[in-house]
């Protein structure tokens, strides 16, 4: 690469054409004055005023771009991670020494709220500039993969924010200087710790320039590079697309900085001007890249793939354990050597409650649909939520679909019964009871006999699968398998469980017009046999007396 100090006036004009759009009206003034490369690197605010660049904002944009050229021209062979840390430490020491010497002066008055002197502000600006130069290295590969350096980077950013806030805050000079001294002391400690703890040779290696040729680019294929522009005009490659010209070259890595495109320096340019320069020659591109040292971090290219969100697969059974053959071990080692894929943000499913898309079947609980057609199943992945659609179709069915279920063992497949939630009729006299099925009584009574396979267990499961639709409890015929006997006068009652009172009971089939009768064991019923017999014998006599009175009234 030709040094910037050797640029001709034409090269300076070509470089200024890629700067911000607001600076384009001044290009002809650079061309008129025939400013060369050496004059460009030494340009100042006063020189820009003479050129006709009167706006302060426009002057700052030009000077920032020139600073990048100065760093490229003078600091390429000297800038290392170690030197940048030392520069930051020296800047913090200079600011600390300035404040200490200023406080020793007899004319020092820290109880005033005047603006700090220019020397103080200049030292602060130099410190922040040194921190920015170090952060530019820490924010790029291979240093982003080191945990300790990532923590150091975050601390330096926070300290720089605290420093700028303290300087701009309207307060006493002594108070402001105390805050600045605290920040400076922490920065000194970070620099010392970084120098002591880091022994990798990459800290002492400088960046280098490498020229990359991308020939034979097919029309419409593209180069396959992902470029991110920083706020100050640096263009950093973040990754490459797999099997693209950039990926096939094996020379373009994430973290590389684009310096030239087709022999034209693009440092400080707008990103759109850089892209236009890349598309200038459709058959091929020549890039000049600035590469950070790799050292012992084994940094490899990082291709990017176009990934879509896919739901996690549900593993129904554990995979069979097989011994690895030498061929499979070799394939695994080859896969490890492939470039790692950069982490992409893959959007998760929507956070709102998901409602499956279905045009033919309605899964709502409003109507009493008796349709017995099999549920439709989608084929393929129509959307990221197609997995949720299929899952909802497996889970949702109405009571009318219970006849379609295949036979299975109730003991092994039925989930534990849970108490129903509060319903609108909660608290009314009508008791909330469960049906008189052996399956449900087996949960209430741990000594009950297990039920066998049959349709009755399936009906019970499907009838009470949902808390929202519970069919009327029907009377169940007496069976000799029941452990508990009932009196003759209570044959119209069915056996159930009262979850309100926490006991078992006999329930009439019509829950709306019956009361709950406490269930008693056989032993306890023997004691009350005489009382129940008296009550049963007393009922006919009471009826006869009422009939006799009715006859007397009719006469």
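Keep in mind that glycine also has a Cβ here, set from the backbone N, Cα and C atoms.
Record note: of 113, 371, 381, 425, Swiss-Prot gives the feature phosphoserine to 381, with no matching annotation on the rest. When you go through 244, 325, 383 in Swiss-Prot, the residue listed as phosphoserine is 383.
Given the ranges 334-361, 362-389, 390-417, the record in Swiss-Prot names 362-389 as region 'Disordered'. Per Swiss-Prot, the range carrying the annotation region 'Disordered' out of 256-281, 282-307, 308-333, 438-463 is 308-333.
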